[in-house]
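Visitor: One structure is given below, represented as structure tokens, and several questions about it will come after.
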Amino acid sequence: MSDCEGPPMDDSASAASSMEVTDRIASLEQRVQMQEDEIQLLKSALADVVRRLNHSEEQQALGSRRGPTKEPTKMRKSPSADSSFGKSARPLIATLPLRPTVNNGTVLPKKGSSTLPSPSGPGTRKDAGPAANKRILSLSTVRRANSNEHVGTLTRKDSGDSKGNRTRAGSTGSNSSGKRSDSKQRDPVFNAEEGYVKMFLKGRPVTMFMPKDQVDSYSLEARGELPSDKLKLDWVYGYRGRDCRSNLYLLPTGETVYFIASVVVLFNVDEQLQRHYTGHTDDIKCLAVHPDKITIATGQVAGTSSDGKQLAPHVRVWDSVSLNTLHVLGAGFFDRALVCLAFSKSNGGNTLCVVDDSNDHVLSVWDWQREERLAEAKCSNESVFAADFHPTDSNIVVTCGKSHLYFWTLEKGMLVKKQGLFEKQEKPKFVLCVTFAENGDAITGDSSGNILVWGKGTNRISRVIQGAHEGSIFAVCMLRNGTLVSGGKDRRLISWDSSYQQIQTVEVLEFFGPIRTIAEGRGETVLIGTTKNFVLQGSLDGEFIPITQGHTDELWGLAVHPWKPQFLTCGYDRQVCLWDASTHQLIWTKTLEDTAQSAGFHPSGAVVAVGTQTGRWLVLDTDSKDLVTVHTDGNEQLSVMRYGPDGNFLAIGSHDNYIYIYAVAENGRKYSRVGKCSGHSSFITHLDWSVDSQYLVSNSGDYEILYWIPSVCKQVVSVETTRDIQWFTNTCTLGFQVFGLWPDGSDGTDINAACASYDKSLLVTGDDFGKVHLFSYPCSQFRAPGHVYRGHSSHVTNVSFLHDDSYLVSTGGKDMSVLQWRIV
């Protein structure tokens, strides 16, 4: 044995050799990762070309099927509009083979299946495995499934807690959970002698007289027709940054991906194009992008089906090129909602870690392609803010949140936890974000404003940047060039070099709000999501400009311009926003002293009236947003602001049961009170003027329909006078021409808004379940059939067609979104 022994090795030489090998391995790993990134970039570019070809052929087919279409009225571009809106799309390469797609979250069927499932459903698991992806679908079949509407007679019974005398301020929950009524709704009654239909809402009779010329031919048994027109989601205004994190990414195709309500938006800023994934049924709370930069995972809260049944929270994994749903994970396993998602990096992204919003905030790791849960563990009984895989070890997951930082190791189907040791460093109340350095160190930002570096493979602090920010650090992001970027409550974006020395600082405007999330953009650009729901784009040495923005509180007010492609929104964030529907740009915004509830344009378009929750109302100049006048009527919310068609009167529907009438002069710049219409026994919900501006019809919270001569504030009780009046607008939810919009079993409070198209062919409604319904107009048959569309995740508070019926706009309540739909 002795002659086999060599001279003793020098310890320092051995250590140096070991370090050299480690460095070489790390260098090779980085080179491999760079090559993988380049390959994925090529894949993404090819996928983008295929998507563009699909889009082009779809548009051509749509054009040939529909023939000439209505074009929105052209208008001068707002001075504030970005110059990039005039750019045309890049030319397509026309030699690549066309690949069929199914948009809007449809799950492709298995190979043996002969039909496509409804896009509205949560999807059949494993329906889109490798076999399904290989299957060739005919383009016509694909296009038939390329919509998220449900067709059929509305026979839903609404259930749960009744809102009773609910105010139009909306429900308390942020989701669209339904109400159900166990009692059978009485069917309507038709009285042919007197010419009326009597329906029942919550047991209360509502009598609606029909025009004389329809009495002889009307039959309750006749079936209403399904509208030939449909809706297609055209644009989504808004971003959910107020209470969500890590939900903003740039794809190699140039699309920025983020979400609001139950829609994932893929927004190409350069070309001003949006695509939408609409597979979810309720609020989306988290998002992760696969290393291939094509596959995306999104997680949602518990939702409600169209028949009022509870749907479990789940994760949907989908293709960002085709918008196909590939897999649905965890339905029945997760609780309440999903709060964190992350794909693994080092094993080809084969695993997905998920944290739900249960009491124990369960952490689970999934083989998402096989839809198998590999391991699970109780993460924390406190809030969890972030979860991510280690970049070079797919068996290590890091989670952080209130009073904790955990390093998890996946071993033999178990998640083994090591707690981060703060030792001499004061433990922060919240560890808010985590990322990784090139060498594998973990980097965290916390509520004390400190950046902590944790050595690779350890649970100990190796470096501290004390007081990096004033206040909480909400986001840390490692750029491709090794620069660390941090942002937080102080609205500062700070860049750090590899030695954690500060490079430079940029502060975003207070109007934009604190920085919630950071993502790397193209070239030198950086993307920022803020707590005031802005998405900003800029560079580390320049200013940031908004590319997406929206409201930050519940949204109720909606008004459309009488002759331009513009609309105005307002809500409880005290913001009044004027939007251009053709360029999808914000023209101006104005902050009020009070929370806003309603709005209406003067027929000239020169001014717009805005009603608040305090009884005050004001008139703004449409071009300059300057204040024209302010008045107060009562001290309760003003639910409706409606000018007469001739512009000589303004009717204001209040929560104090009165309708206030003002005479209007000087093109909407001078107002004198005529009086108030008194007769309703509950709050005013809707108002409509007659075509000749001589009459007014109103609905109230206790299902009354009353008629008025507004010039003298007198009620009209003569049926013969009112039954044949032609109405300029049709926004009342109660009336003979619209009563078919009410679903069977309705308690009378679940339809918030209605609007007939200006050509009187369509009727749209927004309900308490996050749905937009499209009917034929008139809608005077019980249980009228209609198309149903989702996108909102809260009660739909308002709906309105643009002046030329080319588009429809809907507003969400607590989801704070504005959706623009194209009529197709």
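Placed from the backbone N, Cα and C atoms, the Cβ positions cover glycine too.
Unlike curated records, TrEMBL annotations are generated automatically.
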Visitor: Which residue range, 1-22, 287-308, 661-682, is the one TrEMBL calls region 'Disordered'?
Guide: 1-22
Visitor: Give the nonlocal contacts of the repeat 'WD' (548-589) in its own chain as ranges (CB under 8 Å, at least six residues past its ends).
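Guide: For the repeat 'WD' (548-589), the sequence-distant neighbours (Cβ-Cβ under 8 Å, at least 6 residues beyond its ends) are 72-75, 77-78, 80-82, 85, 168-170, 235, 237-239, 242, 256, 258, 260, 265, 267, 272, 274, 532-535, 595-605, 608, 610-611, 613, 620, 622, 625, 641, 797-804, 806-807, 809, 811-814, 816-818, 820.
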Visitor: Per DSSP, how many helix, strand and coil residues does the repeat 'WD' (677-708) have?
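Guide: Per-class counts: 0 helix, 17 strand, 15 coil.
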Visitor: Kindly report the helix/strand/coil residue split of the repeat 'WD' (548-589) according to DSSP, in that order.
Guide: 0 helix, 24 strand, 18 coil
Visitor: Please list the DSSP helix, strand and coil residue counts for the repeat 'WD' (789-824).
Guide: 0 helix, 20 strand, 16 coil
Visitor: Excluding the flanking five residues on each side, which residues at least 6 beyond the ends of the repeat 'WD' (677-708) place their CB within less than 8 Å of a CB in that stretch?
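Guide: Same-chain contacts beyond the flanks: 165-168, 201-202, 204, 206-208, 636, 639-640, 642-646, 648-649, 651, 653-661, 714-717, 721-722, 725-735, 748, 753-754.
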